[in-house]
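A.B. asks: Supplied in structure tokens, the structure appears directly below.
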Amino acid sequence: MNEVVIPSVLLDVPVSAAPVHKQNLLDLDREGLEHFFADTLGEARYRAHQVMKWIHHRYVTDFDQMTDLGKALRAKLHQHAEVLVPNVVFDKPSTDGTHKWLLAMGTDGKNAIETVYIPDKGRGTLCVSSQVGCGLNCTFCSTATQGFNRNLTTAEIIGQVWVAARHLGNVPHQQRRLTNVVMMGMGEPLMNFDNVVRAMSVMRDDLGYGLASKRVTLSTSGLVPMIDRLATESDVSLAVSLHAANDVLRESLVPLNKKYPIAELMESCARYLRGNKKRDSVTFEYTLMKGINDQPEHARQLARLMRQFDNAVQSKDAGKVNLIPFNPFPGTRYERSGETEIRAFQKILLDAQVLTMVRRTRGDDIDAACGQLKGQVMDRTRRQAEFRRTLEGQADRDAAA
């Protein structure tokens with residue numbers, strides 16, 4: 001047998017080790033973090049609790065600054081983990097106190113989403129996105145015009161809360177400036193179910209942001225099977241984008257209604273309340289558009305639907321209505337209803353004993369009002385040039401540093 005001789009030069013060539021995958025700890029809720037510490041790091045589970053507090057209470061992302069962790073544990077974390085938060089491309093305050101952040105998603109600089117903070121008397125609400133874009137094609141929504149790109153990760157969802165809470169100086173259980181979170185930003189939350197539910201778990205965890213379940217609201221256009229699943233996995237407040245009380249009109253506004261018509265949607269909402277004893281009502285959102293869905297007959301149809309819902313749940317005020325004046329955006333064919341029509345619509349509902357509120361328009365001077373959220377997706381938005389200039393400017397500053 002011939003002997004195979006390996007040239008010595010080949011023996012000297014270093015073999016590059018496979019890159020170690022690092023776990024972004026923002027992707028994990030308490031249970032996931034406990035498993036990571038026990039199974040991957042071989043550490044006690046309580047260490048996960050310490051790290052959660054550092055990340056979500058003190059907004060620390062550098063393991064070396066987590067001073068109650070031993071040197072050996074910090075070395076393990078550097079090797080196996082990281083804390084990656086969204087990059088703030090720019091932030092805009094509104095004249096009414098509303099604040100909007102444009103956050104870059106991913107490392108390629110092609111995707112971004114918007115997050116909005118809305119202060120009010122005694123409360124501060126953060127509107128959080130769940131997807132880059134949206135694929136449901138609701139005809140009156142700005143986000144729908146850009147199409148759907150992808151789901152956000154858990155880290156990208158909870159990262160929005162992290163960015164806002166850090167900016168606000170929020171201290172859970174002490175100096176709470178962020179009191180409510182609404183999953184009403186870009187995207188349909190129930191189409192990104194697992195990541196959204198995991199992120200909401202961190203929002204409600206005392207080691208996270210410590211929000212009561214009733215102060216976290218998920219808004220859906222009406223994916224009936226996922227509403228049923230949500231009832232078994234979470235007890236957050238539920239809001240439904242209704243916008244019409246008859247199927248013909250709703251199908252023209254919310255195409256999803258063709259698959260899940262109003263009767264099926266209302267039945268699933270009733271099941272949600274029956275299976276969730278901590279929740280006693282569902283909020284039905286109704287965007288008022290001039291000459292489209294703001295006539296007295298539309299109000300009477302909505303009043304009848306709410307009474308039927310109360311009867312199905314066997315509870316008064318099980319259905320609450322939130323009237324939203326339409327917020328115009330470039331290219332839309334819809335107009336906002338006049339103040340007279342809005343008040344007349346509300347009066348019909350109130351006279352029918354339907355608990356009804358009119359949402360005050362906030363942040364429309366910075367395109368942060370409801371329905372105006374529209375982050376960059378590839379090359380399809382009017383702010384793409386500004387987005388790219390900002391990123392290029394940041395890169396130049398980093399290179400010069």
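For all residues, glycine too, the Cβ spot is worked out from N, Cα and C.
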A.B. asks: Say Swiss-Prot lists Gly187, Glu188, Ser241, Leu242, His243, Asn327 as binding S-adenosyl-L-methionine: which of Ser201, Ser219, Ser315 is in the same site, per that record?
C.D. replies: Ser219
A.B. asks: Closest of the binding-site residues to Cys134 ([4Fe-4S] cluster binding site), Cα to Cα, picking from Gly187, Leu242, Asn327?
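C.D. replies: Checking each of Gly187, Leu242, Asn327 against Cys134 ([4Fe-4S] cluster binding site), the shortest Cα distance is to Gly187.
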A.B. asks: Glu188 (S-adenosyl-L-methionine binding site) to Cys138 ([4Fe-4S] cluster binding site): how many Å between their Cα atoms?
C.D. replies: 11
A.B. asks: Which one is closest to Leu242 (S-adenosyl-L-methionine binding site) in space, judged by CA to CA distance, out of the recorded positions Cys127, Cys138, Cys141?
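C.D. replies: Checked the recorded positions Cys127, Cys138, Cys141; minimum Cα distance to Leu242 (S-adenosyl-L-methionine binding site) goes to Cys138.
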A.B. asks: For the C-alpha pair, I'd like the distance in angstrom between His243 (S-adenosyl-L-methionine binding site) and Glu114 (active site, proton acceptor), rounded off.
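C.D. replies: A Cα-Cα distance of 23 Å.
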A.B. asks: Among the recorded positions listed here (Cys127, Cys138, Leu242), identify the one with the smallest other-Cβ count within 10 Å.
C.D. replies: Cys138
A.B. asks: Just to be sure I understand the packing, how many Cβ atoms besides its own are within 10 Å of the Cβ of Cys141 ([4Fe-4S] cluster binding site)?
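C.D. replies: Here the count is 25.
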